[in-house]
Amino acid sequence: MTFHDFNFDEQVLEGILSMGFKQPTPIQEMAIPVIMGGEDLIACAQTGTGKTGAFLLPILDQIAKSHEHHTTVLILTPTRELAQQIDQQVEGLAYFAGISSLAVFGGGDGIVYEQQRRGIQNNVNIIIATPGRLIAHLTSGILKLNQIKHLVLDEADRMLDMGFYDDIMRIISYLPKKRQTLLFSATMPPRIRTLAKSVLHNPQQINIAISQPAVGIDQQVYQVADQQKTPLVKLLLKNGNYNSIIIFSSTKEKVKAVYKELKKDFKIAAFHSDLEQTEREDILRDFKNKSLPIIIGTDALSRGIDVEGIDLVLNYDVPPDPEDYIHRIGRTARAATTGTAITLVNERDFRRFKSIEKLIDRTIDQKPLPEELGEAPVFKERTGGRDNRRKKNFKKKGPNKQHTPNKPASKP
Ligand code: AMP
């Protein structure tokens, strides 16, 4: 299949070619005809599959063919970075078709707010927004959404994780009932199905199975005690021949603590939600143009950040959700290059790590700890899990018969 098969508007086609897209990706092949047919869609697809093009291209085609000059498309995203990336894709794909878009997101100063306000008044074709800031413009009365024909909920699972359910429903209450709604999500937990039921109408469904990590990624694991983690990271950064590195940790607090240690020896920036928007933008810009070699952040960084040439992803800890492992390490070895993904596993994370190996259906190469860091701990997979542990404790201590009424029995 080629992009010519969709009968896209000539200028949209030109945009596609200028972006270097030669062939539609599987999600594009499946989603574009459904969207062009005017149906609602629920699509399970993650970043890296070409999902943005899958919803943008048929929408751009429709705008180009109808010559509309007001806001008919609303795309809701969980983060400002994703909003900006989608905006950039519109800019590239719609360059020849002359379709306008505006990214609307929170943070920034009064000037940014004013720019957004002016953009809204200029009747751009497409608004790409994070829910909170969009509501601010809606309630100020400046933004009217009564001509929206297409609503896209992008990374819907992440929006719900971030607590945007009520905001999304509030925004939808401003939209015309007759519209096309497209929901994209990397995972499909029951609450996404509930959301879909209340906002989509007879949707078609598309499932792109979670992709396996790219073959070009050299995956490695070190078993470590907690106090060995930071010294090991320092050694890996010093001795490895890496130029562009992302370090992931599961919590903001951990990101800050590890950053404090590493910044003594390395040029590094920490990326988290406490930063001002301009600081986040500066960090990403420096990281993209390679003047900043190392960035440390939480899983928020693992989605949507599309940076070429990252040669090491270092997991300071194991992500809670095995699918996040694939998102994290997918930041390297993009576009058929190669890269390394190293994961540090302590005893507490060992079971989580085994779930990852199950998900990707392979054993990850375990590396010996460098001698100067001392002995590597050895972890064994527990058989029987929690229940087995409970039974053992019960035997040792005996049943907890004598707990006082208001005090819960201590957990095993
Ligand atoms: P996404 O999954 O939307 O985040 O897209 C991931 C990357 O793939 C982006 O850099 C897109 O520009 C690129 N991309 C999207 N569609 C195609 C295509 N058909 N051919 C080549 N690259 C593409």
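For all residues, glycine too, the Cβ spot is worked out from N, Cα and C.
All TrEMBL annotations are machine predictions without curation.
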Suppose you had to name the range TrEMBL annotates as motif 'Q motif'; which of 1-29, 262-290, 320-348 would you pick? 1-29
Distant-in-sequence neighbours of the domain 'DEAD-box RNA helicase Q' (1-29), which means Cβ under 8 A and at least six residues beyond its ends: 36, 43, 45, 49-51, 53-54, 57-58, 60-61, 64-65, 89, 92-98, 206, 208
DSSP puts the residues of the domain 'DEAD-box RNA helicase Q' (1-29) at 17 helix, 0 strand, 12 coil
